[in-house]
Amino acid sequence: MLQYLKKIKGVSFMKTIKLPVVVTRGIFILPSTSKTIEFGRVKSKNALDASADLYNNQIVVVSQESPLEEEPNLEHLFYLGTVADLSVKKVWKDGTISVELNYNQKIKIDEFVEEDNIIYAIGSVFEDKLPKTDAQKTKIKEALEELQEKHSFNTSELLLVFNENDFNKLNSLIYQIIDKMPLVSLNTKLLLIQSTSILEKLELLKELIINRPKSTIKLNNNLNNNSTVDSEINKKLKDKMDKQQKEYYLREKMRIIKEELDDENSDASQLDKYKKRLEEEPFPESVKEKILSSIKRIETMQPGSAEVNVERNYVDWMMSIPWWEQSEDIDDLKYAQEILEKHHFGLKKVKERIIEYLAVKQKTKSLKGPIITFVGPPGVGKTSLARSIAEALGKKFVKVSLGGVKDESEIRGHRKTYVGSMPGRIIQALKRAKVKNPLFLLDEIDKMASDNRGDPASAMLEVLDPEQNKEFSDHYIEEPYDLSTVMFIATANYIENIPEALYDRMEIINLSSYTEIEKMHIAKDYLTKKILEEDQLTEDELRFTDEAYDEIIKYYTREAGVRQLERHLATIARKFIVKLLNGEITNLVVTREVVVQYLGKHIFEHTSKEEESQVGVVTGLAYTQFGGDILPIEVSTYNGKGNLTLTGKLGEVMKESATIALTYVKANHEKFGISKDKFDDIDIHIHVPEGAVPKDGPSAGITLTTALISALSKQPVSKDFGMTGEITLRGNVLPIGGLREKSISAARSGLKHILIPSKNVKDIEDVPQEVQDVLKITPVSKYEDVYEIIFKNNNQ
């Protein structure tokens, strides 16, 4: 038994540590080196796991006294070791674990203990002493020069580091040089670790050079020389490794050979399976030829070469693409209607158009025709509508996100000769679908962009055009693929961003934002049920009142869809579950007060109409990405020289509208009872509140005109009126967009009467009936009509 390094002369030890231990068979590792070692014993594997889980990947490596002892006693372990960091860990098929160890510190072990089938070392790490005096440095330099001159040992690298005065690096370099030397005995390595000065290590290096290849150095009478090298093994290994190194080398070699053989056997077996499938299944002849050609190349190539991997991946892809597999469609319009109604509230026109499309498809048995494209803001149900259509038709559903795609190869794939090449997104999605007739959702098709790597929109044209997609060409598979049985549906947020060539082949279905009433129905009939089901709650445990839904919709969300609404409902459900599990409550009825308690203070405040009718203040109607809102416009006059000031972060279009409105009022001042001289004696200030929010658009013309007339004639405008429409210099009122959203916001804000362009009368049918019931909508074609209603009829 060797209890080595109980005392080391002149060494100051650092703090005591406790770390798990792995035991090697006759292999002793030097500091500042790294090695990959394989461990198979249970205690060592347990120690590796403990190191990774509890000790920040630190572990102590020690050697056992006898390499032949399978389970050495703690007394048969050396009391000197190294502390290592685990960096790579791999588990082999036979259960052994291969790890890469980086050795950085030496440790004197005071005691070994065994806990939970893991060996732990309790000891103190210690460091080497670096030279401080000139005399010490001179001796080191002399030793290096002696190695060079007398013993023909190349010390140029050591001298270079010495001249840099980097003694830490010099110390590490000596360890690394000795570690790479063949047949360094275990005893020598132990003595090297015991040594704490660079000069002592250089003396050991000199002994190794002088006595190679038989070098063994005795360890201060404290260490037995048990690292005898078997002569027969020395002969076989040509004096390059000792017994323990040979055993490790052979084990590692056997494992690698076994892995290679297993890989080759599995490849051969897989290729045989592919050949059998080609014989039994109806692959197209041209596809069979390509696959068989690649299989033959694999069989003639050197195993493990890069070309084999390229061909193997190609064969795997070609065999996994659905060349003939199809799902059976459901042709039942009533069932389709039931599915759409089940998953979506409202959207009457959208559902009608979808049913019409499916009816034509069922009648003609063809998918030719425009590609359905859902256009609308985020969260209004574009993707879920596509899923519902897939369910109604019994089709597999696959989705490809095109947002941010700039490279044509994303669509058509890379040629297989490139490193890491693979098919494009279309073929990849078909592989996931496992049938050649899925419903294919092209999400955010308006977000594609072109650059110097090609134009993905042009590639998408080949995908979507029925005249071209019968022979879609993917660069990787190098075989035409028939996409004519695929049903494509696209989604977009903005029509204007869709490439023109694609837009020409699309049937646009607009999904506008939901009204507050629709959101409440969706929350009650869909979202709440979904959340209760996901959280395994019952309606008896958690119930929302209509007032609670209204509170969340108005003051905690500002969106066109219902995603944020769903998140807030889920937040309340989670907070309730916490209280439920803590035993604080057993059920909860969510009211306005509970919403504020669970979600905190209001996030949004909707703009309300003015409390009083005022001079120079008129309510306009705006359309935003979140739906509609009202837009108060203020005009004030004061003594000046006829200047016009615009504030409120207005866009260029809105600034032009203000200029046109002022010009129109000046040109028709007599009709409005305004003195011509007044314009020269005053300055006019137009302001749109919430100055930090950008505002633009062409629909504020009649609102600006009315506010100017009110301010100049000192006539108030009723607080119950709202209006929208652009104006020309001749006083014509031009049509606007977003009438549905604007009408909803007007009713929500408490307005009773709105004026709209007469050319928008056709859009009134899109306004929800519940809004029409509380809001009077009057069309106007010229500004005289507006003036008549606002200033004449209203003041009588």
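In case you wondered, yes, glycine gets a Cβ from its N, Cα and C as well.
On its own chain, Ser699 (active site) has Gly620, Leu621, Ala622, Tyr623, Thr724, Gly725, Glu726, Ile736, Gly737 as residues at least 6 apart in sequence with a Cβ closer than 8 Å to its own Cβ. In the three-state DSSP scheme, Ser699 (active site) falls into the coil class. The active site annotation in Swiss-Prot covers Ser699 (among others) and rests on sequence analysis.
Marked as active site by Swiss-Prot on the basis of sequence analysis: Lys742 (among others). For Lys742 (active site), the same-chain residues 6+ apart in sequence whose C-beta sits under 8 angstroms from its C-beta are Leu621, Ala622, Tyr623, Gly628, Thr724, Ile736, Ile754. Secondary structure from DSSP puts Lys742 (active site) in a helix.
Taken from Swiss-Prot, the feature ATP binding site applies to Gly376, Pro377, Pro378, Gly379, Val380, Gly381, Lys382, Thr383. Residue environment of Gly379 (ATP binding site) contains 19 other Cβ atoms, counted within 10 Å of its Cβ in all protein chains. According to DSSP, Gly379 (ATP binding site) is assigned to coil rather than to any helix or strand.
Marked as domain 'Lon N-terminal' by Swiss-Prot on the basis of sequence analysis: 19-213.
For the domain 'Lon proteolytic' (612-793), the mean pLDDT of the prediction comes to 89. Residues or ranges marked as domain 'Lon proteolytic' in Swiss-Prot: 612-793.
Counting only same-chain residues at least 6 apart in sequence, those with a Cβ under 8 Å from the Cβ of Val380 (ATP binding site) are Leu511, Ser512, Ser513, Tyr514, Ala560, Gly561, Val562. Using a 10 Å Cβ-Cβ cutoff, Lys382 (ATP binding site) registers 25 neighbours. For the binding-site residues given as Pro377, Gly381, the lowest number of other CB atoms within 10 Å of the residue's CB is seen at Pro377. The Cβ of Thr383 (ATP binding site) has Lys399, Leu441, Asp443, Thr491 as same-chain neighbours under 8 Å, each 6 or more residues away in sequence.
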